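Q: Encoded as structure tokens, here's the structure I'll be asking about.
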Ligand SMILES: Nc1ncnc2c1ncn2[C@@H]1O[C@H](COP(=O)(O)OP(=O)(O)OP(=O)(O)O)[C@@H](O)[C@H]1O
């Protein structure tokens with residue numbers, strides 16, 4: 001096998017990760033002094049019960065979680081000091097939380113390849129190749145989100161393979177797949193390991209399947225490695241045993257007396273489901289075992305039983321029998337050779353970095369824009385109709401129609417109100433969804449910069465919210481013959497207002513971790529906007545506390561700037577508005593870039 005050439009791909013030394021839980025300083029050692037290595041081209045299975053520490057280990061391999069102590073080297077590169085270099089050589093399939101759900105399968109693959117640094121030609125070529133290899137031709141032009149669970153998993157697996165990375169980290173790749181597709185995945189993994197020397201870390205609960213696919217297995221329990229070796233080595237720990245899988249009638253549990261009948265002839269562990277037990281005994285005790293089951297326990301209690309040689313699952317279940325699961329020293333205490341100095345990672349030249357930033361920005365922006373396809377008609381309709389309705393409705397009140405100042409307030413207020421609701425509220429909520437659905441982890445696992453991610457998110461929204469700014473002016477022009485000239489100041493104020501309000505929305509969404517709170521805060525903002533802000537109402541007609549409150553809100557400055565622009569009054573007040581809007585844009589974008597958690601912890 002390719003991996004036997006001995007080169008080390010992953011080296012983990014004394015890796016410990018401690019989490020603080022709760023307020024009273026409780027600690028969880030999610031990874032406890034792990035030391036092991038994985039060879040280049042090896043398929044390494046990571047097994048362990050829920051909470052064993054697998055995700056914590058994988059997150060550290062990906063540079064998403066910082067170790068409390070110890071080190072990880074991937075292809076000689078230190079993960080903590082050069083996470084970007086490691087991300088560039090890693091394809092990742094998370095269990096959940098993939099992005100690119102609302103684009104077509106073909107695009108999801110192509111864009112992922114581009115974001116992993118492939119050229120346009122390479123990305124197109126590999127996309128076509130993978131669609132064929134995965135048998136996804138008939139759904140290649142359907143949205144990923146609209147595929148069946150299994151098909152979606154295949155598409156996600158394809159995304160992990162894009163970029164032909166040296167390392168693949170696959171979390172439960174065969175979940176939801178039928179037996180034929182499961183075999184397809186294992187064959188594809190084996191091919192990559194064998195012919196391309198790809199190193200694969202496979203997290204799985206499906207021990208029986210993993211046995212066929214992996215070269216070596218690491219079993220984790222309570223944050224520690226309790227066994228590490230080939231499936232053959234692990235099975236040898238059970239010795240020359242016979243295995244019986246016993247199914248109790250009606251899936252009932254065995255009573256203590258019944259358990260002791262079986263324990264007389266072998267060791268008994270639960271078989272992973274209610275009413276299923278695994279009994280391991282010496283070959284010479286087999287007749288006694290069969291007798292214990294058929295006559296002592298009696299066929300009135302037994303539904304079925306199967307006799308076979310032990311499998312990896314037996315080793316796993318016998319090791320994972322609660323807190324007593326002790327490490328098998330001969331399988332875990334293999335020392336690593338003395339560490340070599342970490343391979344220094346050369347920084348890309350400035351020009352190349354700028355090119356990558358633009359490519360990342362383009363594909364992230366395209367993804368965001370295309371995701372909006374499912375809702376753009378509603379957003380646009382809302383952005384067009386609401387301001388028109390406001391201009392029409394508000395101009396009927398009081399002296400609106402006859403009074404140019406009121407009309408100016410109505411037009412600028414309607415424009416800014418619609419942009420504030422769309423810009424602040426929808427962007428804050430969008431980033432909230434990205435965080436709560438776990439998609440942020442996926443973006444963070446790609447070798448992209450936060451700047452291109454934030455920029456793409458904000459700019460994709462501008463196209464949707466800009467019409468809301470322009471329609472009130474067009475409506476006033478058509479309905480009331482008001483002539484607003486397009487001045488250079490207007491061309492500055494319109495995008496700057498959109499940018500400032502979107503940046504604030506993004507900052508709110510990134511800073512607050514509860515989706516419910518994001519919804520409450522953004523609605524509160526709109527409520528205050530209607531009640532107090534001098535957006536639709538001249539400030540002098542508001543009591544002082546409400547005026548002050550209004551001037552604390554970004555939309556007030558946007559509305560003020562728009563009014564000054566439309567009336568041609570570009571004095572000191574207008575300059576102040578522009579300064580405040582610019583400051584808000586910078587603060588919002590810088591804050592969002594800082595608060596977005598590219599590392600989980
Ligand atoms: N962010 C966190 N804060 C506090 N504790 C955490 C955090 N993440 C994980 N833990 C704890 O660390 C331990 C290991 O969790 P981890 O998610 O790594 O296990 P796992 O083997 O991946 O489990 P599963 O198979 O259920 O995904 C658990 O006790 C878990 O509660």
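Think of each number as a place in line: the chain as shown, counted from 1.
Glycine is no exception: its Cβ is also placed from the backbone N, Cα and C atoms.
Quick paste from TrEMBL:
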type: DOMAIN; residues: 10-247; note: domain 'ABC transporter'
type: DOMAIN; residues: 374-599; note: domain 'ABC transmembrane type-2'
type: TRANSMEM; residues: 376-395; note: transmembrane segment
type: TRANSMEM; residues: 407-428; note: transmembrane segment
type: TRANSMEM; residues: 440-466; note: transmembrane segment
type: TRANSMEM; residues: 486-510; note: transmembrane segment
type: TRANSMEM; residues: 517-537; note: transmembrane segment
type: TRANSMEM; residues: 572-596; note: transmembrane segment
Q: Between the transmembrane segment (517-537) and the transmembrane segment (486-510), are there at least three Cβ pairs closer than 8 Å, leaving out pairs fewer than 6 positions apart?
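A: Yes, the transmembrane segment (517-537) and the transmembrane segment (486-510) are in contact.
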Q: Mean pLDDT for the domain 'ABC transporter' (10-247), rounded to an integer?
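A: Summarising the domain 'ABC transporter' (10-247) by its mean pLDDT gives 90.
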Q: Give the one range among 376-395, 407-428, 572-596 whose Cβ atoms make the most pairs under 8 Å with those of the transmembrane segment (486-510).
A: 572-596
Q: Could you give the residue numbers and ranges of same-chain residues that sit at least 6 residues beyond the transmembrane segment (572-596) on either side and whose C-beta is under 8 angstroms from one of its C-beta atoms?
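A: Counting only partners 6 or more residues beyond its ends, the transmembrane segment (572-596) has Cβ contacts under 8 Å with 431, 440, 450-451, 453-455, 458, 489, 492-493, 496-497, 499-500, 502-507, 509-511, 554, 557-558, 560-561, 564-565.
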Q: Sort out the residues at least 6 away from either end of the transmembrane segment (376-395), same chain, that have Cβ-Cβ distances under 8 Å to it, and list them.
A: 401, 406-407, 410-411, 413-415, 417-418, 421-422, 426, 464-465, 467-468, 471-472, 475-476, 479-480, 536
Q: So what's near the transmembrane segment (407-428) in sequence-distant terms, Cβ-Cβ under 8 Å and 6+ beyond its ends?
A: 379, 382-383, 386-387, 390-391, 394-395, 400-401, 457-458, 461, 464-465, 468-473, 475-476, 480, 482, 484, 497-498, 501-502, 504-506, 508-509, 512, 518, 521-523, 525-526, 529-530, 535-538, 554-555, 558-559, 562-563, 566-567
